[in-house]
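Report on the structure given below.
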Amino acid sequence: PSSVQLHWSVPEGSFDSFLLQYRDAQGQPQALPIDGGSRSVTVPGLSPSQWYRFHLCGLQGRKKIDRVSTDVMTAAEEPEELPLPSEEPQHEKPQTEAPTSEAPPALEELRVSSVTPSSVQLHWSVPEGSFDSFLLQFRDAQGQPQALPIDGGSRSVTVPGLSPSQRYRFHLYGLRGRKKIDHPEELPLPSEEPQHEKPQTEAPTSEATPARPVLGDLRVSSVSPSSVQLHWSVPEGSFDSFTLQFQDAQGQPQALPIDGGSRSVTVP
């Protein structure tokens, strides 16, 4: 009712990356970047009993080389008559016959591999045993709970539809059937790079003293019929890079990466 898993093949050649484009239930365009080695993706946050048209673009660099499309209707909303605990007793009795013969599977190292203003790619490992599936839970920018089902063979997932400069906490569960086996791995995602989390645990008082970098006024310096020049300031601290986001005349979202030392850009 709330997600679709898509698969595709690349019978010839290779792509640097993919871009999945679709419109949500409100008609707003969405774009999900996907790694070039992927052949499947789960799209969460959909509405029940809704038709969606997905366009998968194959990119080399930032140029679209090929595109395929498919139409999908999401399932109807499932009645919540079978909560997870109702299924647990059925699985408990067979397990009591040989509880020590097989160690329970374990989840480890939920980590961030890439971050964009609207998506996060997460990786994890299963050093022992296996799971039938995984469930990633988090709250969106409006505080609404979201649940993303993931295939048991996966070790990474891209979470789309996020908001820029927003902190998220992700919980990854390992499931056997519909029973949660392992405790959730929790990963708070700050707006800065995730590598800053570990040093803070060693010396929280010393790491907390530097002020966060601050952006000053964004202002227009010149305008032509086909371009705009923008200027800004950084009155405190520094940034590794900037991203300028806007929608073009067709309403399509655009993102322009900018070097962290820049203080102006021309948008053509």
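From the backbone N, Cα and C atoms, a Cβ is placed for every residue, glycine too.
What TrEMBL lists as domain 'Fibronectin type-III' is 1-78, 106-194, 214-268. Feature annotation from TrEMBL assigns region 'Disordered' to 73-106, 179-220.
DSSP places the residues of the domain 'Fibronectin type-III' (1-78) in helix, strand and coil in these numbers: 0 helix, 43 strand, 35 coil. Using DSSP to sort the residues of the domain 'Fibronectin type-III' (106-194) gives these counts of helix, strand and coil: 1 helix, 55 strand, 33 coil.
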